[in-house]
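Peer 1: Got a structure for you, questions after.
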Amino acid sequence: MRRTALAALCLTAVATMAVTGCQGDDKSEGKAKDKPNAGQSDKAGQSSKPKEAFAGLTGGEIVDRAVKATSGADSFRIKGDIPDEESGGTISMDMALNRKGDCAGHISMDGEGRADLIKSGDTVYMKYDEAFLRGQSEGESKAEADAAVAMLAGKWTKMSAKGADAEELAGFCDLNTILGDAADGESDATRGKTTTVDGTPAITLYEKDGNEKAGKESFTIYVATEGEPYVLKLVSTTPSDPGSLSFSDYDKPVPTDKPTGEIIDLDALGS
């Protein structure tokens, strides 16, 4: 169970880096916030024709702005499906996280049940349903799987975020860790058409990373054209590593209230 949770979260961090790691050199001293929003028209000499989103900017320059905006967020939500290299399956997740290291959401593996997660301060809370527990019981006897289900299914558990079982998980929940290398790398992204992502106007960008010998990784990136130029969606179009992640709820509070009802203390059980 721990391996699956960590795999999901670490893979998401890698996918996030695919966007934040392709930032080029800063070609402008001003920040995106100091400029008119991409979709706004110049009121002086305003015309009936809408202003082109990111007019005059290359794909790489748009990615540069998107990286700055996304890296400047205090929180956001990640939702999507990503491959698990270890099992060959697919991990689905929906997770909100912030710079304080808090996170809340859920994950599932190949549609086999669900695990809910809340990290608040120094405590990690997790809840597994029966299907998830049985799906992660490979190599265990039926009696062992039945015992785990009887003890844990549908019940919240807690453990210290500083303990060995939760340390990596807790590290992922910190946006400072995930976005730490956002200033590295260069982008040669090309511009695509404008579109919408969950109702938000966006521009499509195409990015390839890597060399011919190692095999190039291909991504389609969707960046908001109104308001802050946040990354809205990232799709890996690499045949060997497909996946899709959407980004939303920028700067919104992460719901990290302590679960109600019975909570099983896993640290106490292991002592």
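Cβ coordinates come from backbone N, Cα and C, glycine included.
Automated prediction, rather than curation, is the source of TrEMBL annotations.
So TrEMBL lists the following for this protein:
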COMPBIAS  24-36  compositional bias 'Basic and acidic residues'
COMPBIAS  38-48  compositional bias 'Polar residues'
COMPBIAS  237-247  compositional bias 'Polar residues'
REGION    22-57  region 'Disordered'
REGION    237-271  region 'Disordered'
SIGNAL    1-18  signal peptide
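Help me picture these features in the structure, burial and contacts included.
Peer 2: Within the chain, the region 'Disordered' (237-271) has long-range Cβ neighbours (under 8 A, six or more residues past its boundaries) at 11-12, 15-16, 70, 73-83, 96-98, 102-104, 118-120, 125, 127, 151-152, 155-160, 163, 165, 197-198, 215-220, 228, 230-231.
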Peer 1: Would you mind splitting the region 'Disordered' (237-271) into helix, strand and coil residue counts from DSSP?
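Peer 2: Its residues divide into 5 helix, 9 strand, 21 coil.
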